[in-house]
Ligand code: BGC
Ligand code: CA
């Protein structure tokens with residue numbers, strides 16, 4: 001019995017909540033058959049203990065199995081949850097990675113674009129720099145011009161004064177020019193008068209008169225006058241009449257009064273309107289008497305206001321031409337001064353001499 005007890009103590013058990021381990025301690029050395037016989041009760045004990053242990057184990061298992069199953073389920077659920085979370089996390093991470101990749105790609109594209117823009121900007125910077133240089137040069141030129149302008153502005157008051165003086169001088173010059181023009185015209189007129197006077201034309205009351213020395217019929221006399229840009233004289237006032245008879249001194253001269261048409265009304269050959277009541281005072285008393293009904297032209301025959309007599313037009317007597325004060329249109333002026341008078345180059349007619357020539361030919 002003592003040896004059996006020793007055999008039982010050789011076996012070692014360990015039981016915990018979940019696992020059961022059974023292992024022998026150091027294997028006991030094989031004994032001779034009689035020893036085996038001595039260990040048989042120990043084996044029984046061991047078997048019993050083992051059986052008890054198994055029973056306990058199974059009981060424990062029976063008791064603990066549902067709990068274990070529950071825990072296993074919990075663990076499975078937890079694992080599933082973790083799996084789900086992991087999958088979700090994986091999906092999320094994939095999505096995020098994809099987004100990040102896209103962003104990275106975008107960033108690369110943007111970097112490329114920025115690089116391109118940077119290159120373009122550099123070119124523009126160079127252009128702007130060149131333009132800036134140009135602008136700077138222009139600004140300097142403008143500054144210089146501005147300074148010149150300011151200098152000119154400073155001169156404006158002086159220039160205004162000069163302008164005012166110039167205006168006054170211009171007015172004076174204009175006045176002088178007009179005076180000169182008037183003087184020129186006056187000189188031209190005087191020169192013309194002198195020239196006419198040299199040709200025996202007398203100036204009176206603004207008109208020129210030529211008292212012929214030769215005798216002609218009334219028509220020939222008128223024809224001669226027209227060659228001198230004149231007509232046989234008209235008489236338009238007592239003053240003129242007085243001038244004429246005083247120069248004529250009683251010598252008969254044709255004047256430009258004649259009858260026209262069958263009515264025999266009086267008419268001035270130079271176109272002056274004949275006014276009966278104005279001219280009646282110049283007729284000799286009893287005239288016009290139309291002696292022989294053939295007296296259609298008029299002579300100035302007496303040295304008095306009443307000096308007119310009607311006479312036969314064919315009769316040859318001296319005559320008086322008259323023309324206006326102004327030089328004819330063919331006369332040439334320069335700055336109001338007469339340069340040339342047509343009378344000096346007048347066409348000479350057969351039998352009719354220029355007044356100056358006539359004077360030289362016929363005057364005593
Ligand atoms: C008369 C004039 C007339 C003249 C003609 C004079 O005696 O008084 O009226 O015209 O003669 O020659
Ligand atoms: Ca008469």
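Cβ atoms are placed via backbone N, Cα and C, with glycine included.
Per TrEMBL, the feature transmembrane segment maps to 43-65.
The feature coiled coil is assigned by TrEMBL to 90-117. Residues of the same chain that lie 6+ residues outside the coiled coil (90-117) never bring a C-beta to less than 8 angstroms of a C-beta in it.
Feature annotation from TrEMBL assigns domain 'C-type lectin' to 204-322. For the domain 'C-type lectin' (204-322), the model's pLDDT averages out at 97.
If you look up TrEMBL, you'll see 328-364 marked as region 'Disordered'.
Look at TrEMBL and you will find 349-364 tagged as compositional bias 'Basic and acidic residues'.
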Tally of DSSP helical, extended and coil residues in the domain 'C-type lectin' (204-322): 31 helix, 39 strand, 49 coil
